[in-house]
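Feature annotations, reproduced from TrEMBL:
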BINDING   R38  pyridoxal 5'-phosphate binding site
BINDING   R60, S61, Q68, K276  substrate binding site
BINDING   R234, R361, K426  tRNA binding site
COMPBIAS  435-449  compositional bias 'Polar residues'
MOD_RES   K247  N6-(pyridoxal phosphate)lysine
REGION    428-449  region 'Disordered'
Amino acid sequence: KGKCPEDGWDESTIELFLHELAIMDSNNFLGNCGVGEREGRVASGLVARRHYRLIHGIGRSGDIAAVQPKAAGSSLLNKLTNSVVLDVIKLAGVQTVTNCFVVPMATGMSLTLCFLTLRHKRPKAKYIIWPRIDQKSCFKSMITAGFEPVVIENVLEGDELRTDVEAVEAKIKALGAENILCVHSTTSCFAPRVPDRLEELAVICANYDIPHIVNNAYGVQSSKCMHLIQQGARVGRIDAFVQSLDKNFMVPVGGAIIAGFNESFIQEISKMYPGKASASPSLDVLITLLSLGASGYKQLLKERKEMFSYLSSELKKLADNHNERLLDTPHNPISLAMSLKNLDENNDAAVTQLGSMLFTRQVSGARVVPCGSVQTVNNYTFKGFMSHANDYPSAYLNAASAIGIKKQDVDVFLKRLDKCLKTFRKEVKKEKSVNEISNSNTGTEQPED
């Protein structure tokens, strides 16, 4: 039926299925005589086994979605993977999606492919309207495609950084709709930035007849992010949304899903991909979804949401204990931020040092964001880089509850963070007491030890 099975398959069943697909490829035929330049020959048996002897990749030289006659098994694998992934996207909350395909590139290059496809539809356009998010690959995706990003600064509402919808519309009027390739919005992001106001942006795009591409990098795992995409498509315009395979399905880095509501446009994007492509990302995600089943994936989504609540409540307690606070970012369903104001006020280098301490204590993924850092990316200078704003009020630390996280991960992280912060507090007290002694002894003889 081309849908994700409700219950996951065991490993031996999946392997049998993959071997059946592999023997449909010509390189695995007994007595095959290949005289072309690409015949699925593999020198290492280990490499052949790693890929289940599915060597031909997917697509043909002119179309990544085309069927390859001498690779019937690999072609079937590709079709089935796209169909199963489409089913899971619907299951995750975007019910009206009509088409998608797995592309063997990570999110940034997949966004570039979308922009290059739009170039043929809007040959005069040179600008992309982009509500600021401090993440290099989505910024570089526009530069690589040959367009000029028009950065729209976020507005601070309480602790949250939100989309300045009025500034987006004003910039469209100033530049002229025909000169704008698209609006490039974002769902999943690091707090205190929150998902863009997708419904309002989608309505603006529909009103001005401007395409709308959504960076949904790790949003499939969030019902809130998927709901925003569904609502945006319902009330306005969303042409395509792009999500990472590794972040949402726990597979190795190297693949993404490009999905949308207009079947022909998604086909156009797939045809823009030059040449054949690696089947590895498709193979990885198909194996994963067959082993999990729809029920297994839904359970992972449920556990992630529960862990987000747990992480939020426990991080708030820790923040209170250290005279800091958990920033109030109710619109961000995945990432949390805790202020580091006291650390920042006492020692300029302490904030970045905390990040280093956590990393050496095997805490990965936690981002420590100091105030006022400046970074230049492709000749564009970002003030306050990593904080999504020129001058966010305080330094902070990020932590996220992403798919696959366990209670043990949260508990160990909090324990190590608490220990690091206590170390800093001791050092600050020690430094203050030394300064007090020094000040009290000014102009007198130094006391003997």
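The backbone N, Cα and C atoms fix where each Cβ goes, and this holds for glycine too.
Location within the structure of each feature annotated in TrEMBL.
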| residue | record | Cβ neighbours (10 Å) |
| --- | --- | --- |
| R38 | pyridoxal 5'-phosphate binding site | 15 |
| R60 | substrate binding site | 16 |
| S61 | substrate binding site | 11 |
| Q68 | substrate binding site | 20 |
| R234 | tRNA binding site | 12 |
| K247 | N6-(pyridoxal phosphate)lysine | 22 |
| K276 | substrate binding site | 21 |
| R361 | tRNA binding site | 14 |
| K426 | tRNA binding site | 10 |
Task: Compare the C-alpha of K276 (substrate binding site) with the C-alpha of each of the binding-site residues R38, R234, K426, and give the closest one.
output: R38
- request: Among R234, R361, K426, the annotated tRNA contacts, find the widest CA pair distance and round it to a whole Å.
  value: 55
Query: Among the recorded positions listed here (R234, K247, R361, K426), which has the Cα closest to the Cα of Q68 (substrate binding site)?
result: K247
Query: Across the listed substrate-binding residues, R60, S61, Q68, K276, what is the farthest Cα to Cα distance, given in whole Å?
result: 10
Statement: Expressed in Å to no decimal places, the gap between the Cα atoms of K426 (tRNA binding site) and K247 (N6-(pyridoxal phosphate)lysine) is 38
- request: Sort the binding-site residues R38, R60, S61, R234, R361 by C-alpha distance from the residue listed as 'N6-(pyridoxal phosphate)lysine' and give me just the closest.
  value: R361
Statement: Same-chain shell around substrate excluding R60, S61, Q68, K276, C-beta within 8 angstroms of the CB centroid, reads G57, I58, G59, G62, D63, A66, G275
- request: Within 10 Å of R234 (tRNA binding site) by C-alpha distance: pick out those among the binding-site residues R38, R60, S61, and say none if nothing qualifies.
  value: none
